[in-house]
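These notes concern the structure reproduced below.
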């Protein structure tokens, strides 16, 4: 992170604090991706889905926000998203791979070395890292386990600022930098970025709750107000979230705040602990999607089209090839399913009628409108489903054999016996209502 949070003095120090006259415009590669220079920082401005996303590049490191770093691969994915000519298939693939959560809701870690810290300061740092772990895990399913030989894990370093990589990436070590070693909640804030959690003010529905005027933000800080359309906010907008910034953060003039409530009033921030909304969001993100097989439980899948219609196995039959349909909600086992992890991100969806039978794309089809059926589990790609956490909108499902398609209610109908199929989408970031489902745990 390029800033220090000095809680006691209330002072916000920015490394990027020069005036506009220091900016030098460089040739743009396209209207969808322009770059400017600011004191050794390359500011990338990307037009994605009609909104601008900013990424700051400093010495080959990419900052998605002041305290969020992304890999070169993730940055290149954003650049591809800024290309209006990419196919729906590629766009869908990018969305599904940009941010990943930790497998089995388990975050492996190593503790920092003492470095330049005094013995007392070092012991305080270690104590507060463990307090941050406890703060997160006390009311969630997430576990923090000290690393033995795992390839992916988080590390901590005392630094001049706070920052963390974004989410889990295969074969990557997430190096978390901490300046505020005496504040467990700030350490938790950065750990949550490594868990794949964004800032509250950047959720896609923020305009329903706050006004953001980035013209009031200091040069080089607009990336802190990116709208994360691929990030799903859960619950009501949470002004008390540990992931929320205050009105005047990054403001040129504190009397002209970057953010206000809709009525024009300002708000502060807290770094004392996680809010109830933070815990609810983590539990949704790391709920059935990332739980271990022992704790997945049994769920119903309700369409977002109608709260009283569930995915159903026709006639409660367990014969191979049985149609999967929409039907009025009941308490029958024909509407209950068990999620079992197949590989990271992918799950099989088993019928409680017969746990050897799973939801399957018929004949391994990849065409729009291909039916979904019940069939004996053969561990094929047509039986593995990538789950998209859509926050308040529930979940979306993409079959591994056809990753650009989504599980959907055919034609968006809500009549009984409507087939469940896989269908194309032009709205990979905001899926059609017919492609959204709520998972409700029934035991």
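Glycine too: its Cβ is placed from the backbone N, Cα and C atoms.
Values in this document were obtained by computation on a predicted structure and should not be read as measured data.
These features come from Swiss-Prot:
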{"type": "SIGNAL", "residues": "1-15", "note": "signal peptide"}
{"type": "DOMAIN", "residues": "92-289", "note": "domain 'Peptidase M12A'"}
{"type": "ACT_SITE", "residues": "190", "note": "active site"}
{"type": "DOMAIN", "residues": "297-440", "note": "domain 'Ricin B-type lectin'"}
{"type": "CARBOHYD", "residues": "355", "note": "O-linked glycosylation site"}
Note to self: With the cut-off set at 10 Å between Cβ atoms, which of these recorded positions ends up with the most neighbours? Options: 190, 355.
What the structure shows: 190
Item checked: Separation of alpha carbons, residue 355 (O-linked glycosylation site) and the residue listed as 'active site' (Å) -> 40
Check: Which whole number is the mean pLDDT over the domain 'Peptidase M12A' (92-289)?
Finding: 92
